[in-house]
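Enquirer: Features from TrEMBL:
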DOMAIN    A:139-201  domain 'CBS'
DOMAIN    A:202-258  domain 'CBS'
TRANSMEM  A:285-306  transmembrane segment
TRANSMEM  A:312-338  transmembrane segment
TRANSMEM  A:359-380  transmembrane segment
TRANSMEM  A:386-412  transmembrane segment
TRANSMEM  A:433-450  transmembrane segment
Number of protein chains: 2
Amino acid sequence: MDQKLQMLLDTVRKLIRRGAYPHITKVLAKSHPADIAHLFRYLDLKEQRILFNLLADPEISAYVLSELDHATGAQLLEQIDKETITEVLQEMPYDDAVDIIRNMPEELAEEVLQSMEVEHSEEIEELLKYDEDTAGGIMATEIFSLREEMTVREAIEAVQGAEDIEMVFYLYVTDEYNHLVGVLSLRQLLTVPPTARLKDIMTADVISVRTDIDQEEVAHLVAKYNILAIPVVDEGNKLMGIITVDDVIDVMREEATEDIYKMAGSSDEELLYGYKSFKIARLRLPWLITNLFGGVITGYLMWLFKATLEEVIALISFIPVITGMGGNVGGQSATIVVRGFATGRVDVSTMRQVFLKELRVGVIMGVVCGTTIGLVAFFWHHNPYLGLVVGLAMVTAMSVAATMGVVAPFFFKRVGVDPAIASTPFVQTANDITGILIYFGTATLFLSYLR
Amino acid sequence: MDQKLQMLLDTVRKLIRRGAYPHITKVLAKSHPADIAHLFRYLDLKEQRILFNLLADPEISAYVLSELDHATGAQLLEQIDKETITEVLQEMPYDDAVDIIRNMPEELAEEVLQSMEVEHSEEIEELLKYDEDTAGGIMATEIFSLREEMTVREAIEAVQGAEDIEMVFYLYVTDEYNHLVGVLSLRQLLTVPPTARLKDIMTADVISVRTDIDQEEVAHLVAKYNILAIPVVDEGNKLMGIITVDDVIDVMREEATEDIYKMAGSSDEELLYGYKSFKIARLRLPWLITNLFGGVITGYLMWLFKATLEEVIALISFIPVITGMGGNVGGQSATIVVRGFATGRVDVSTMRQVFLKELRVGVIMGVVCGTTIGLVAFFWHHNPYLGLVVGLAMVTAMSVAATMGVVAPFFFKRVGVDPAIASTPFVQTANDITGILIYFGTATLFLSYLR
């Protein structure tokens with residue numbers, strides 16, 4: 001957080017504690033809307049409610065809501081009166097308004113939609129049809145487009161007359177049926193004769209996406225082609241909306257956070273719950289319970305080998321390190337594959353290569369760690385055979401773990417389970433089990449030398 | 001990967017195997033440069049070398065290099081003759097060329113710089129002064145700016161005359177000393193009288209960054225203010241360059257991948273090594289060796305409790321689950337904090353809140369898991385005291401683990417160690433140790449009831 005924001009945050013917090021509301025209103029009036037929106041992220045829900053109520057200008061309220069996650073946004077809106085809700089929502093870009101309405105109680109949402117001006121509510125109801133995570137769900141519908149038969153002079157006049165299109169960088173060109181047929185830049189308009197027709201100067205090769213494309217796919221395309229906006233068309237190539245790069249940034253950030261959280265058995269929905277401990281616990285528990293039963297199975301296997309263990313009690317000293325290292329290496333491989341899926345670096349066509357690479361790397365690292373732990377075992381318990389057993393078990397466990405870390409995500413992807421969620425607990429449990437089996441298996445085999 | 005690209009990849013691979021090089025040249029000529037660049041990501045270094053040599057147009061070579069990571073780019077360039085290297089680098093935006101030159105052997109870099117036209121080499125040497133991860137290191141220096149005394153008519157003429165500035169969305173305005181004083185949009189120019197002076201119509205409130213600001217900070221600003229480009233100024237507010245949102249997307253993607261990899265004790269530098277197993281193993285080993293010694297310490301503690309264990313062998317059945325669950329919960333908390341640092345949701349001002357939240361969540365989840373495992377222990381070994389010991393140990397271990405997962409990243413951040421790298425191994429080892437101590441401590445305390 002930068003210093004300016006930190007100061008603003010400290011001031012606002014202090015004033016909220018003191019209940020000095022008129023003072024806060026003054027501070028807010030002097031702040032950039034983006035800073036105010038940013039501020040909300042650091043406040044708890046109670047503080048957010050107070051501050052939101054103090055925003056006098058519906059335009060700023062709208063801005064703040066656009067920047068917050070939509071569930072929080074819906075919660076903040078619910079506490080104010082319906083007329084203001086309607087007013088604020090009408091100030092927002094349709095795509096953001098839709099996301100907030102989705103998160104409202106159904107009854108309130110209906111009421112609000114009915115009290116809106118028809119032109120607004122129609123647009124919003126149109127957008128509500130699209131799935132939240134698709135191009136249709138994130139596109140802005142306030143598009144400025146030009147007809148292909150227009151002349152350059154007419155186009156410039158249209159640009160001059162258009163309101164609220166600060167962010168025009170690409171001018172999309174359509175035919176009489178609103179089919180997307182080309183694209184122009186504003187600068188291009190300035191460098192050609194005013195009488196030229198758009199269809200003769202436009203670039204006919206436009207990259208566009210369909211409304212039902214997944215938002216992650218949209219982010220990939222925008223990043224790949226380095227474009228600032230991508231037009232969205234329906235199945236008949238009619239221009240429906242536009243997705244700008246700032247929405248794409250939000251998508252990318254969300255998806256990265258989602259993946260990171262998922263791999264730790266957490267969930268990005270947690271953010272929505274803020275400090276509600278019970279709800280958060282409920283989100284995380286299924287993953288933990290899965291791991292719990294994995295741990296019980298591992299424990300059961302150890303129990304089966306208790307005769308071996310009772311004979312050579314020294315074996316217990318290396319249980320944590322054998323299972324731990326297997327888990328670590330498997331976790332590394334799984335992370336590389338899962339993140340590779342997300343960035344597009346890993347897919348079915350490279351599976352064999354990735355598998356062989358991770359196997360080689362696993363063997364190399366296994367030999368290094370196996371030798372180290374073998375020597376530790378030898379010098380600690382003064383038994384060269386124990387060193388051998390522990391070392392061998394380590395090499396095998398780490399090599400198996402590395403390949404398991406590759407196979408598991410591919411398997412889960414194949415059967416349609418999200419590899420980011422399922423891979424870590426599976427890989428960890430599987431490696432604990434194979435680690436214990438390999439370790440005690442080897443030990444039982446060499447039992448007469450270990451005694 | 002989309003179908004079109006998959007087909008292209010399959011075709012090119014097949015042709016490379018067959019050595020049908022003239023055929024490949026034809027295929028490449030028909031493909032979009034972005035697709036060709038994307039293709040390179042899926043090829044191994046040998047295939048990349050072959051394909052890169054077949055690119056006939058230096059402009060396309062330049063495009064491909066801009067999209068690849070810079071170390072690979074440097075490796076690909078080294079194999080071709082110096083004149084072509086110079087030619088290709090001159091086709092690239094300066095910021096990308098600089099990054100590639102940084103990755104070349106010093107001698108070759110010097111030679112290439114000397115053979116360049118002076119205007120290019122001067123720009124590049126200027127940029128080489130900035131640190132790679134700062135605003136100066138990623139900015140483009142080919143900026144188009146206007147003087148504040150210009151009239152709108154003059155400004156439009158300047159825009160019409162400027163070459164190669166397809167991507168103009170903001171027009172930056174400077175004073176006679178090249179100080180950044182304002183900003184305009186192209187559309188604004190079209191809607192005001194041609195005789196107006198820029199200084200009277202421009203927005204004087206420009207968000208800019210200094211050359212030495214970290215690139216991650218730049219990404220945050222661009223995302224926060226939803227802007228498409230940010231001007232870069234030196235310490236005297238002189239306009240030095242511009243960073244566009246497509247560069248920011250690359251930064252964000254890099255940083256997210258870096259964080260994810262680091263938390264698994266891997267490194268994003270791995271990508272540079274592709275399939276070189278020994279180099280990759282060397283990158284990952286330090287983290288694993290740290291964990292290895294953590295595991296040995298845990299094992300040593302178990303060894304100290306061997307008397308307890310020999311008396312009540314049933315205790316071994318729950319070692320994996322107690323240490324495992326502590327590691328899981330600690331890992332979740334650590335992940336949430338580390339990712340929170342990156343996205344700005346967590347910082348020192350919210351530390352206490354996050355700590356208390358994770359503690360509460362940890363206790364709740366601990367009670368659920370502790371009850372479960374206590375019942376399992378009771379029914380399995382028919383001993384209510386064992387159930388009690390295991391359950392109690394689980395609740396305590398999980399609660400401690402949850403808070404450790406919060407404290408560790410904050411501590412590492414405070415002492416200047418990257419929390420993404422250090423947190424997981426530390427939290428895991430610390431939790432194994434506390435888990436074992438709590439478990440065997442409780443067991444030793446209740447020893448007479450367990451026998």
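Think of each number as a place in line: the chain as shown, counted from 1.
Every residue, even glycine, has its Cβ placed from backbone N, Cα and C.
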Enquirer: Per the 3+ Cβ pairs under 8 Å rule, pairs at least 6 apart in sequence, do the transmembrane segment (A:285-306) and the transmembrane segment (A:433-450) touch?
Expert: yes
Enquirer: For the domain 'CBS' (A:139-201), give the DSSP counts of helix residues, strand residues and coil residues.
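Expert: Tallying H, G and I as helix, E and B as strand, the rest coil: 19 helix, 18 strand, 26 coil.
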Enquirer: In terms of Cβ proximity under 8 Å, which residues at least six beyond the ends of the transmembrane segment (A:386-412) contact it?
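Expert: For the transmembrane segment (A:386-412), the sequence-distant neighbours (Cβ-Cβ under 8 Å, at least 6 residues beyond its ends) are 312, 314-315, 318, 321-323, 325-338, 341, 348, 351, 354-355, 358-359, 361-363, 365-367, 369-371, 373-378, 418-419, 422-423, 426-427, 430-431, 434-435, 438-439, 442-443, 446, 450.
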Enquirer: Under an 8 Å Cβ to Cβ limit, what residues of the same chain, 6 or more beyond the ends of the transmembrane segment (A:312-338), are close to it?
Expert: 259, 263, 298, 302, 346, 354, 358, 362, 365-366, 369, 373, 377, 380-381, 383, 386, 390, 393-394, 397-398, 400-406, 408-410, 419-420, 423-424, 427-428, 430-432, 434-436, 438-440, 443, 447, 450-451
Enquirer: Where DSSP helix means H, G or I and strand means E or B, what are the helix, strand and coil counts for the domain 'CBS' (A:202-258)?
Expert: 25 helix, 16 strand, 16 coil
Enquirer: Quick one: mean pLDDT on the domain 'CBS' (A:202-258)?
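Expert: Averaging the confidence scores along the domain 'CBS' (A:202-258) gives 86.
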